[in-house]
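Per TrEMBL, the features are as follows:
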| type | residues | note |
| --- | --- | --- |
| DOMAIN | 19-312 | domain 'Glycoside hydrolase family 3 N-terminal' |
| BINDING | Asp67, Arg75, Arg141, Lys171, His172 | substrate binding site |
| SITE | Asp182 | site 'Important for catalytic activity' |
| ACT_SITE | His184 | active site, proton donor/acceptor |
| ACT_SITE | Asp255 | active site, nucleophile |
Amino acid sequence: MERSSQQGHLIVDLKGTELSSADRDFLVHEGIAGVLLFTRNYSSREQLQALVQDIRQLRPDLLIMVDHEGGRVQRFKDGFVRLPAAGQLSRYYLQDPQGALKLARDVGWLMASELRAVGIDLSLAPVLDLDLGKTDVVGDRAFGSEPEQVIQMTSAWIEGVREAGMACVLKHFPGHGSVDADSHLLLPEDHRPFDEIAARDMVPFKELIQQGADAVIPAHIVFTEVDSRPAGFSRVWLQDILRDQLGFEGIVISDCLTMEGAASVGSFSNRVEQALSAGCDLLILSSRTGAIEALSNLPRLSQREVDISTLRASNAVGYEDLIASERYFSCKDRIDYLRERYN
């Protein structure tokens, strides 16, 4: 694929544990801004570090990211500490709030430190959705059912993440906890009025944005009383509410455009075009065919440049130094205890 002068917007995926010749040809397209890694890209910590180095040699400017929340959403397991689910930390909070806040901070630091040690920039976390018992897609990925608890826990978690030199990504704006359907499989609809959403689901987002959130991922959900379009394709949500009302100044990253919740918008090129038009800055598209289709149309879709420097990680500590630190062992021991107690 020929190089393009277009500012990059797409976050793309890879098929295996090393770069193929097709991957190398694909990744040089300047419409690509980053790579999202999955479990299929991982066999060992050493292999992962080599893959990241190969990507860096090919394109030093690319963001490299992963979904690494903990619990059931942790792409790299063997060779990494098995992180607790947010829901386990939430249950601990109900017994010992101060102990849970300290551990949440250390879990955030450990998660980010391990990823930084292999060269990864960003984990797409934390989840700010409320666990209202309506959908398993949120469930134990949430830090609680009450906005104030979620604010306290995620604030502590983010503090630890930033101590390790990593940015934070709030998801799924304005909240995924009040719908039954899984947006990976369907397009959910939320029929509540805006005032009800703002008074509950949006409260953690508002507070964390005021604290200086780096990035936000909007939900593939239609909030029918606000706009007819899914939030990630809606100027009402992304411009009028997120930017203007809440004052968010960071990066908007789409949820994956291969999800069924995005399919109502049409072809992959249409999804990219409409997400960009609505206000998304970076677009996750984990389909090689879809990404090639979108890249062929990208020059006509957007001339907007995006400063993604705030999402690049810093202050990496080597793995050997990390595992030799007292904080690492203390945190690991407390995580093991938490996982046993609240499993």
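Glycine is no exception: its Cβ is also placed from the backbone N, Cα and C atoms.
Annotations in TrEMBL come from automatic prediction, not curation.
Annotated features taken from TrEMBL, shown on the structure.
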residue : record                                  : CB count, 10 Å
Asp67   : substrate binding site                  : 18
Arg75   : substrate binding site                  : 18
Arg141  : substrate binding site                  : 23
Lys171  : substrate binding site                  : 23
His172  : substrate binding site                  : 25
Asp182  : site 'Important for catalytic activity' : 17
His184  : active site, proton donor/acceptor      : 13
Asp255  : active site, nucleophile                : 27
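It is 12 Å from the Cα atom of Asp182 (site 'Important for catalytic activity') to that of His172 (substrate binding site).
The average pLDDT computed over the domain 'Glycoside hydrolase family 3 N-terminal' (19-312) stands at 94. Reduced to three states, the DSSP call for Lys171 (substrate binding site) is strand.
For the pair Arg75 (substrate binding site) and Asp255 (active site, nucleophile), the Cα-Cα distance reads 17 Å.
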